[in-house]
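Asks: Input: one structure, supplied below.
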Ligand SMILES: *[C@@H]1O[C@H](CO)[C@@H](O)[C@H](O)[C@H]1NC(C)=O
Ligand SMILES: *[C@@H]1O[C@H](CO)[C@@H](O)[C@H](O)[C@H]1NC(C)=O
Ligand SMILES: *[C@@H]1O[C@H](CO)[C@@H](O)[C@H](O)[C@H]1NC(C)=O
């Protein structure tokens, strides 16, 4: 029956559109372990890094130890070649650290989907942090949450408790400055195993104050080595908008996904990335009814998809 066939076609088209429209926005944090030029010069390492970054709309890279801009440029070049239809850009902090050993935070983001609204280096007057957060505010393709603040931190293992409590001050500073309660704190917090006992973890301000959601749960392994099982890398979310859009969060076990041996995986990093997916669908898309005319179905789908439209320029 031509009419039914047509109806079926429209419906599957609509379902594809719906799935595409509800595509999650993924924010990731990755301690890429001493990321510098010799590392990305190895093709197999570069290829895996590119695949890891291509999963995410924004990645906060940590432990970028390159004083030049070359490592990030090379990464972006390969990433933009790999995903020809997308365009990735970056935003980096300066090199941070108390000694000659320094690292920077680098945001790699899809500039066709998100934009940097503002950023600043947290003014760490009491020198609490080894690498004070380089805070940034990004736009999101969502009407519920048009923008979100990211606060990255890579703690130094000997000061985990002190730094994580000071991270609460950074939250206060940024949420006041930008009048934005929707804040995602993320990175290698070293918040487990020998660096932080369960008791101290549970007494952190970010645990005892209301409104913070640790979406990478205790017990999730974020380390590559089979001999370790620690939840070092974390994502903590604050704000109603974030909560509404939260769809899923997990470490990304890249050795398993890319079928790498432990030895091969350790050439990339000893950490897994951690990822959070934000999706309009998380707050429940209106189910549409079968039996509508094609025009009506298409119309209702456009209405559902409208919030995903990207307000470019
Ligand atoms: C980004 O890195 C470059 C090269 O290290 C540096 O010149 C620049 O100041 C950095 N950006 C920020 C915002 O610190
Ligand atoms: C950081 O804070 C200190 C003390 O409040 C102030 O003297 C200094 O000018 C600030 N630096 C920046 C870059 O804002
Ligand atoms: C890590 O330990 C937790 C318990 O704390 C356990 O549930 C989990 O399965 C372990 N993961 C691995 C990969 O061994």
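Cβ atoms here come from the backbone N, Cα and C positions, even for glycine.
Because TrEMBL annotations are produced automatically, they should be read as predictions rather than curated entries.
According to TrEMBL:
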type	residues	note
ACT_SITE	103	active site
ACT_SITE	154	active site
DISULFID	193-230	disulfide bond
DOMAIN	29-271	domain 'Endonuclease/exonuclease/phosphatase'
SIGNAL	1-24	signal peptide
Asks: I need the nearest neighbour of residue 154 (active site) among the recorded positions 103, 193, 230, using C-alpha distances.
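Replies: Looking at Cα distances from residue 154 (active site), the smallest one goes to 103.
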Asks: When DSSP states are folded down to helix, strand and coil, where does residue 103 (active site) land?
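Replies: Going by the DSSP assignment, residue 103 (active site) falls within a strand, counted as strand.
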Asks: May I ask for the distance between residue 230 (disulfide bond) and residue 103 (active site), taken between their Cα atoms and rounded to an integer number of Å?
Replies: 22
Asks: I'd like the number of other C-beta atoms within 10 A of the C-beta of residue 154 (active site), please.
Replies: 24
Asks: At the Cα level, what's the spacing in Å between residue 193 (disulfide bond) and residue 103 (active site), rounded?
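Replies: Approximately 23 Å lies between the Cα of residue 193 (disulfide bond) and that of residue 103 (active site).
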Asks: Using DSSP with the three-state reduction, classify residue 193 (disulfide bond) as helix, strand or coil.
Replies: helix
Asks: I need the most crowded of these disulfide-bonded residues: 193, 230. Count other C-beta atoms within 10 angstroms of each C-beta and give me the top one.
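Replies: Result of the Cβ crowding comparison: 230.
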Asks: Within 10 Å of the Cβ of residue 103 (active site), how many other Cβ atoms can be counted across all chains shown?
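Replies: Residue 103 (active site): 21 neighbouring Cβ atoms within 10 Å.
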